[in-house]
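> Below is one structure. I have some questions about it.
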Amino acid sequence: RRHKLYKEELNLTSPAAPLPLRPESSWLQFHLGISRDGLYPRSSPAVSRLLRDMQEFRTISADYSQDEKALLGACDCSQVVKPSGVHLKLVLRFQDFGKAMFKPMRQKREEETPEDFFYFVDFQRHNAEIAAFHLDRILDFRRVPPTVGRRINVTREILEVTKNEVLQSVFFVSPASNVCFFAKCPYMCKTEYAVCGNPHLLEGSLSAFLPSLNLAPRLSIPNPWIRSYSFDGKEEWEVNPLYCNTVKEIYPYSNGNRLLNIVDMAIFDFLIGNMDRHHYEMFTKFGDDGFLLHLDNARGFGRHSHDEISILAPLSQCCTIKRTTFLRLQLLAEPDYRLSDVMRESLLQDPLAPVLTEPHLLALDRRLQLILEAVGRCIDTFGEASVVANDTAQRQAPAVGRAKLGT
């Protein structure tokens, strides 16, 4: 009732005037900068502006994400890459046609995932999304969309700007007088799973949207090292140490960079402790050798005290790695460029700093050593020339290889 009166008072029920598209807007510049080398160039000024805009711009609308709507039968599911809907996330829109995925804080930074939790029922962590973006940039992969932390006023920046009546209906005031809301989906959709402001402010992560699927189509492909999403049973890779030989016989893993990109993704996931990489996505424009998008990293950084070696199966079973990746990992193991120190400094730029606790930062150094040891064992067995693939001589993508996006 208060929401309805608020809209009528400010005349928000009338159709909004069309907004012009500014070519210099950070969202558009970010989209135009996507190339076959990554989501953005090194030291991209557009990304710096985009992070700042996501921190500062006011929200003009809020809604459920498309995959959550798909589960409710409320959208065109052909436009959804990978439905999930288990965890609460919202799409926030800003001026300049900016759009970001908001994942609210559900777990405090110092809380570790319980040992008895399966990876597919783990919480999603907003700070893991933020830290994953910084780590991906430090590793020079540039495959995670720009992500930043922000404290959102859930009343003013979500409830009072949403036009979705279902989303409006799930807001309530808790006994502690905090404003809360929960998801409307087939799974964890009860007040027990709500997120609450304090009393209105709630921190979360904002991840910039990629271009729409109409402008830049993407494929969602099952990970060859997908885990079993049940309480019993194992996948073939978990019981067959020669599994990679089978993968190498299957196109597109039989030639090109696809397998090397899978190994990159496994290294990234091992460093953050993410066991939930069941699919990966690619832009169709860049063909079979295009880079893999490292999306949905909120199940990372759950347990700093445990290193899940099985995540490294693509590396340890295939015994191959890009030379550029290997050299970057070796550099980040040097005392002057220690990964934990570089991450700590990078994360200080985020408004929600400290994003990671010290044990999580130190776990990165420990896991990096385990990766280098795995590569060392492969080199001892097969020789460096066979293990380390030379990708340093690859040519830069020509102008025609860049994403051409309509406006």
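A Cβ is built for glycine as well, from the same backbone N, Cα and C atoms used for every other residue.
Feature list, courtesy of TrEMBL:
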{"type": "ACT_SITE", "residues": "D276", "note": "active site"}
{"type": "BINDING", "residues": "K103, S207, A208, F209, L210, E281, D296", "note": "ATP binding site"}
{"type": "BINDING", "residues": "D296", "note": "Mn(2+) binding site"}
{"type": "DOMAIN", "residues": "171-387", "note": "domain 'FAM20 C-terminal'"}
> Distance between F209 (ATP binding site) and D276 (active site) at the Cα atoms, whole Å?
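On Cα coordinates alone, these residues lie 21 Å apart.
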> Enter the number of other CB atoms within 10 angstroms of the CB of L210 (ATP binding site).
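20, counting other Cβ atoms within 10 Å of L210 (ATP binding site).
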> I'm checking region-level scores; what's the whole-number mean pLDDT for the domain 'FAM20 C-terminal' (171-387)?
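Reported value for the domain 'FAM20 C-terminal' (171-387) is a mean pLDDT of 92.
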> Whole-number Å distance between the CA of L210 (ATP binding site) and the CA of the residue listed as 'active site'?
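A Cα-Cα distance of 21 Å.
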> Where A208 (ATP binding site) and D276 (active site) are concerned, what is their Cα separation in Å, rounded?
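The separation of the Cα atoms works out to 21 Å.
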> Looking at the binding-site residues K103, S207, D296, which ones sit with their CA no more than 10 Å from the CA of D276 (active site)?
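Taking K103, S207, D296 one by one, the ones whose Cα falls within 10 Å of D276 (active site) are D296.
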> Can you tell me how many other Cβ atoms are located within 10 Å of the Cβ belonging to F209 (ATP binding site)?
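Counting Cβ neighbours of F209 (ATP binding site) within 10 Å gives 18.
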> D276, D296: which of these recorded positions has the highest Cβ count within 10 Å of its own Cβ?
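Its Cβ has the most other Cβ atoms within 10 Å: D296.
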> For K103 (ATP binding site), just count the other CB atoms lying within 10 A of its CB, please.
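So the number of other Cβ atoms within 10 Å of K103 (ATP binding site) is 26.
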> If the ATP binders are K103, S207, A208, F209, L210, E281, D296 per the record, what's the largest distance between their Cα atoms, in Å?
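Taking every pair of listed residues, the largest Cα separation comes to 20 Å.
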